Amino acid sequence: MASFGIWVLTIFLVFQSGYGFYLPGSYPHKYKVGDPLSVKVNSLTSIDTEMPFSYYSLPFCKPAEGVKDSAENLGELLMGDRIENSPYRFKMYTNETLIFLCQSGKLSADEFKLLKERIDEMYQVNLILDNLPAIRYTVKEGFVSRWTGYPIGVKFQDMYYVFNHLKFKVLVHKYEETNVARVMGTGDAVDVFPSGGKGGSDVPGYMVVGFEVIPCSVMHNGNLVKDLKMYDKYPSEIKCDTTTVTVPIKEGEPIVFTYEVAFEESDIKWPSRWDAYLKMEGSKVHWFSILNSLMVITFLAGIVLVIFLRTVRRDLTRYEELDKEAQAQMNEELSGWKLVVGDVFRAPSHPALLCIMVGDGVQILGMGVVTILFAALGFMSPASRGTLITGMLFFYMILGIAAGYVAVRLWRTIGCGDHKGWASVAWKAACFFPGIAFLILTILNFLLWGSHSTGAIPFSLFVILLLLWFCISVPLTLVGGYFGAKAPHIEYPVRTNQIPREIPAQKYPSWLLVLGAGTLPFGTLFIELFFIMSSIWMGRVYYVFGFLLIVMVLLVVVCAEVSLVLTYMHLCVEDWKWWWKSFFASGSVAIYIFLYSVNYLIFDLKSLSGPVSATLYLGYSLFMVLAIMLATGTIGFLSSFWFVHYLFSSVKLD
């Protein structure tokens, strides 16, 4: 009972730490005119280095009350988000101009050098108001581009200019209370807002539905700000021109920061306020990807149909129609897959490793399917930072039961019902993939710690992750293993000969065919993979989880078909060692995804600077590829196991 209490407490703490979870379209915050609005800052980010840094690592203005961390969940910390308060203060529906923020101290040599480095590396400042990231619009050749955040500064003719004046525009939508309960929703959720009673409509309320920023480089007069305090009015006119830069940074000189804010009433409804961020681009490309995948599936399904209906069924029907004497004569003339009937269920090499990898594959596949399903239903909006990662961790831990059950039951099946060693298999299944993941993350974390990046996982979070692993995931996997040991093992339909049959020499290496099989699953997902990679590494918001769910289903079907066809081809040439080959026939898609990741690094992330950034990219890619290999390989193995069991259960040979 004590251990059960620890599990419940830990799960409760995980969800308490992630209380920022909400659906898009729910929990609007109503402000009255003049109510204070607080702007928060997130980590500085860049697509050039992929290493986030704290906002206050640069000489920016700090809040008068001191820097404080906002509530964070596990997902935010793992993603490198560090949300803190900022000195920017607004009043609802109150336009303000010429607001003096602060004058930094004289730039030291180190601060000057760091500012230049961050500008060269194209770092962006990320501001948040009422959970909406600041968005910036740029127009180039008549095409409007949307960007989250704004650059720290710009380099022009060997001089570095910092954006020290911010022009904010806050879009608000009037909240009108009526005597009738009103329903708001986006399909993701429906919230009922009750009437406020008498006098409720006398004071109008507003909701924040947009947050835009225009950065400017403005030359300030240092003598004018000597006696000014934070939020005082700047005594001279400030002209914000986005086409010119006027304040070069110099060592030993301070920087003056100012801002202005304008409120504008908008027709945008509160549930639709994230549309500007989640606007789906390239929907035709997504549909093309799905149609391409459907063509691959149809082609493979045709081959599978031929195998089942024309070859297998024909042989089985012919065999069943013969009498015993004719069957005995036919046994001497058997060819192809029927010859390996006494060896097809012979235990593979390294059976424990296969069981462990299949068990972990079931866990990862289940986590992926459930997470994408919930995300497609709108439960994991980008509006709630870190929810996706937190949800993945939670589902992965819970599905430890499935990993233990599948690994142990497969172990017992291979051992013909022997219970011996099931606990060891369950324990290894609980530690195999998480152990490799911890090794990769620890090495990458040392690199991030050495770079003083906020992307580094704090030591306290490492302890929490270890506790989640050993106090929840491992016990659940052992529980699943216990149920797998109690469940009846799968009976083989035919007996295995004592002496293994010699495999005839093949015209070409069978592993070559196995590795080549991965191209078909890769063909179903490589277009969607581009959008996912762009979301992870180019800072774009990915929210087309409906498309991703369809692609996931198609990938499962293609992996099953590819592995099934390859297994049948190997059996036809009397190669009975199908266990590992069926796993890697579909699992080899991971090789092509890793090669695609290297290609993406070279051709799409050309500006990725420094060996540390490249090492981080390749390390995270390796982690992702390992998970994909286990998941897709499991699909291939389980479908092949079912196929072989079905095929030989119809054949009764002595």
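Glycine residues also receive a Cβ, built from the backbone N, Cα and C atoms like all the rest.
Here TrEMBL flags 1-20 as signal peptide.
The transmembrane segment annotation in TrEMBL covers 287-309 (among others). Panel annotation: around the transmembrane segment (287-309), residues 520, 523-525, 527-528, 547, 550-551, 554-555, 557-558, 561-562, 564-565, 568 of the same chain, lying at least six beyond its termini, place a Cβ under 8 Å from a Cβ of the stretch.
Residues or ranges marked as transmembrane segment by TrEMBL: 352-376 (among others). Remote same-chain partners of the transmembrane segment (352-376), defined as residues 6 or more beyond its termini with a Cβ less than 8 Å from a stretch Cβ, comprise 388, 391-392, 395-396, 399-400, 402-408, 410-411, 414, 421, 424-425, 428-429, 432-433, 477, 545-546, 548-549, 552, 556, 579-580, 583, 627, 630-635, 637-638.
Residues or ranges marked as transmembrane segment by TrEMBL: 388-408 (among others).
Sequence-distant contacts of the transmembrane segment (429-449), counting only residues of its own chain at least 6 positions beyond either end whose CB sits under 8 Å from a CB of the stretch, comprise 51, 355-357, 359-360, 363-364, 400, 403-404, 407-408, 455-457, 462, 465, 469, 473-474, 477-478, 481, 612, 615-616, 619-620, 622-623, 626-627, 630. According to TrEMBL, the transmembrane segment annotation covers 429-449 (among others).
Residues annotated as transmembrane segment in TrEMBL: 461-485 (among others). Proximity of distant same-chain residues to the transmembrane segment (461-485), defined by a Cβ-Cβ separation under 8 Å and at least 6 residues beyond the stretch ends, is recorded for 3, 6-7, 10-11, 14, 74, 77-78, 359, 393, 396-398, 400-409, 411-412, 419, 422-423, 425-427, 429-431, 434, 438, 445.
The transmembrane segment annotation in TrEMBL covers 511-537 (among others).
The transmembrane segment feature in TrEMBL is assigned to 543-566 (among others).
For the transmembrane segment (578-602), the list of distant contacts is 344, 348-349, 354, 357-358, 510-511, 514-519, 521-522, 525-526, 529-530, 533, 537, 558-560, 562-563, 566-567, 570-571, 608, 614, 617-618, 621-622, 624-626, 628-630, 632-637, 639-641, 644: same-chain residues at least six beyond its ends, Cβ to Cβ under 8 Å. What TrEMBL lists as transmembrane segment is 578-602 (among others).
The transmembrane segment annotation in TrEMBL covers 622-648 (among others).
Residues 11, 14, 18, 21, 73-76, 78-79, 355-356, 358-360, 362-364, 366-367, 370-371, 374-375, 379-380, 422, 425-426, 429-430, 468, 472-474, 476-485, 487 of the same chain sit 6 or more residues outside the transmembrane segment (388-408) yet have a Cβ under 8 Å from a Cβ within it.
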